[in-house]
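K.L.:
Structure incoming, see below.
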Amino acid sequence: MITINTYALQKRRTFAIISHPDAGKTTLTEKFLLNGKIIRTSGTIKARRSKKYAKSDWMEIEKKKGISITTSVIQIPYNRYLINILDTPGHQDFSEDTYRVLTAVDFCVMIVDAAKGVEERTRKLIHVARTHRTPIITFINKLDRNSLDPIEILDQLEIELKIKCSPIIWPISCGKAFKGIYHIYNNLVYFYSYKTSEGINDTNNFLLKTCCLNDVFLDKIIGLELAQEFREEVELVNSIYKAFNKRIFLESDLTPIFFGSALKNFGVNFLMQGILDWAPSPVFKKSNIRKVQPYEKNFSGFVFKIQANMDLRHRDRMAFIRIVSGKYRKRMKLYHVRIKKYIIQTEVFSFVAGDRFIIETAYPGDIIGFHSYNSIKIGDTFTEGEKLKFFGIPNFAPELFRLVSLVDPFHKKKLLKGLTQLSEEGAIQVFKPYENNELILGAIGSLQFDIVIERLKIEYNIFILVHKVNIFSIRWISSNSLDTLSTFKNQNKSCLALDINNHLVYLASSEINLRLVQSRYPDIIFNVTCEN
């Protein structure tokens, strides 16, 4: 007999949407909200003049700049399932947030712009996802615009991303000639209409006109010549691409391919049904002790994200926790493993972008949030008492650095608080040099500095300037010998700093400097990442 807990597990799907910027990530997320009847119209980025913003872009800065800069957590009920979506920033300057999110999901939906094919950001994200053996479902978007040949796109996926493709949906032409899609597994053609209004749930309108591949109705709708060409193309596709195999997909070696237009909500319903039918329910996560299975009785979960000032009126900080095992119950006692203390949260939330809802129960796969007291950090584990720690939530060595100066020097204490909170949520990295009181910011991309300056101004009323500093890169320092580490510290004080978690860091002024110090101290470990 299936228990309530097992049933709850089977009915959950937790995934990240990943893509290159402007491939349609936020638009697709909103169509999920639309189809799940969470919203009635979508506020697309281009509608900013009418004060309609993307629902998943909830921060003021996101609305102002028209881009996603932080991961949005969204829970949607759909066809008796509960879908947990993490809509990640597409911009490469916010890649750290995306990398952390990949540790909290069970699979990914990858969006590919049909006009551009595989892009640089996509390559990097898929490399990380496949390193974790994360299953990938592919949605090729914007078929109603000028696009590459579908077979060319699939060739790019197979060659550049080294993953086998299995088409579920196949398009009838593309761009201005786009006529619709064919579902290979139910043998039905669905016709496309350019009259469809964006932002309205028109799924049913598409389904009114359907026919089988060999139906004469297809010849009448798209023309005999095109219909015959399309039938031959489908025959070719079926002969050269692998049939869908769920086992190979779950091993991350095969990706099912869906085509459509997220903006027009065309083909999105088939993607959503594929997620329900084939994507994994919550899976195990590795800890320092063992694999933790989702069906275990006792609660466990880890913090993969902290967001400061979700509610500016209350200056709150929200910790986002992926539940790995057990069941969360209202006011249950949780053990904060790192600080060795029990806590009881009076309010625990689920999310739809910037909106939050108090919940009383939650299961593995769910993303819950609670108000974060200052001792909660990214990577922290919560259990019912077991002393374990989940792996895989690192900080990466920044690529750009800036020195901070205050417009008003009397706000130093306030600045430290603001930067500490922003660094704890992963918006920026902060380093404090050994030999002075300066503060150095580290980022993956320059836009991160702009965002931090803006958020300090809006959320903390602090005004800062940033200046270039002579730092090429940083490495986190460790050694198996305390004496060796002590000697290294004494001899290199001017090049050392502490990060926000008081981990020792070496500040390299150049690539040559880094190579020299590494060769001079062979017993010192220079780490590119640091586990939270």
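Every residue, even glycine, has its Cβ placed from backbone N, Cα and C.
Not measured: the values here are computed from a predicted model.
Copying in the features that Swiss-Prot gives for the protein in this structure:
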BINDING   19-26, 87-91, 141-144  GTP binding site
DOMAIN    10-283  domain 'tr-type G'
K.L.:
These are the binding-site residues: S19, T88. Which one scores highest on other Cβ atoms within 10 Å?
P.N.:
T88
K.L.:
Near L143 (GTP binding site), how many other Cβ atoms are within 10 Å of its Cβ?
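P.N.:
Summing over all protein chains shown, L143 (GTP binding site) has 26 other Cβ atoms within 10 Å.
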K.L.:
Among the binding-site residues listed here (D22, K25), identify the one with the smallest other-Cβ count within 10 Å.
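P.N.:
Candidates: the binding-site residues D22, K25. Fewest Cβ atoms within 10 Å: D22.
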K.L.:
Averaged over the whole of the domain 'tr-type G' (10-283), what is the pLDDT?
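P.N.:
Averaged over the domain 'tr-type G' (10-283), the predicted model reaches a pLDDT of 84.
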